[in-house]
Amino acid sequence: MELILKYFPNLSEQQKTQFAALYDLYTDWNSKINVISRKDITNLYEHHVLHSLGIAKVINFTPDTQIMDLGTGGGFPGIPLAILFPEVQFHLVDSIGKKVKVATEIANAIGLKNVTFRHCRAEEEKRKFDFVVSRAVMPLGDLIKIIRKNIRQEQHNALPNGLICLKGGELEQETMPVKHKTMLYDLKNEFTEDFFKTKKVVYVTISGL
């Protein structure tokens with residue numbers, strides 16, 4: 001929890017309470033339904049919560065922004081972002097029902113009011129959003145093909161509507177074929193921990209489609 005306050009020192013008391021509750025909740029649920037590697041649960045705040053919040057270092061979402069978290073798994077990056085942006089609406093989608101159950105139960109336990117959930121495949125979600133966020137669920141080109149239909153045209157954020165992904169490693173081969181405007185942000189410039197040395201936020205403009 002101290003790690004979150006290190007980089008986000010201006011949290012409200014409610015946000016602090018919500019972030020602090022995540023460790024016990026994920027530890028408990030993860031013992032029943034595996035949504036995080038059992039070996040990695042002790043790194044929850046660094047590898048999962050703070051990593052999710054890396055998106056907030058790229059864009060400060062305006063109130064009433066509508067965001068879909070595609071392939072949310074146990075709720076990443078959607079739940080940490082929903083805590084940080086209480087006036088933004090998040091819709092968390094995953095094709096695995098038991099993972100959606102965990103994310104739903106955790107969101108309810110901490111009193112998140114700005115999240116909804118759906119158990120479905122990405123292709124089945126037809127609604128429009130300002131942004132789609134995701135954490136390394138599939139190659140970038142494949143992801144763009146699936147979510148193009150979900151990006152609305154109306155703009156009200158500093159960045160045009162589009163896709164924001166958390167990815168790691170060498171991404172040149174993955175981003176080179178992408179025809180949309182793509183920007184890479186190195187999280188090592190925001191977070192000093194070794195885990196973030198190869199981690200990036202990938203932003204793809206997909207507005208107006």
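Each residue, glycine too, has its Cβ placed from N, Cα and C.
Features of the protein shown, as given by Swiss-Prot:
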type	residues	note
BINDING	Gly71, Phe76, Ala122, Glu123, Arg135	S-adenosyl-L-methionine binding site
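The binding-site residues in question are Phe76, Ala122, and the one with the fewest Cβ neighbours inside 10 Å is Ala122. Annotation for Gly71 (S-adenosyl-L-methionine binding site): spatial neighbours Val93, Asp94, Ser95, Ala122, Ser134, Arg135, Val137, Met138, criterion Cβ-Cβ under 8 Å with sequence separation of six or more. All chains included, 11 other C-beta atoms sit within 10 angstroms of the C-beta of Glu123 (S-adenosyl-L-methionine binding site).
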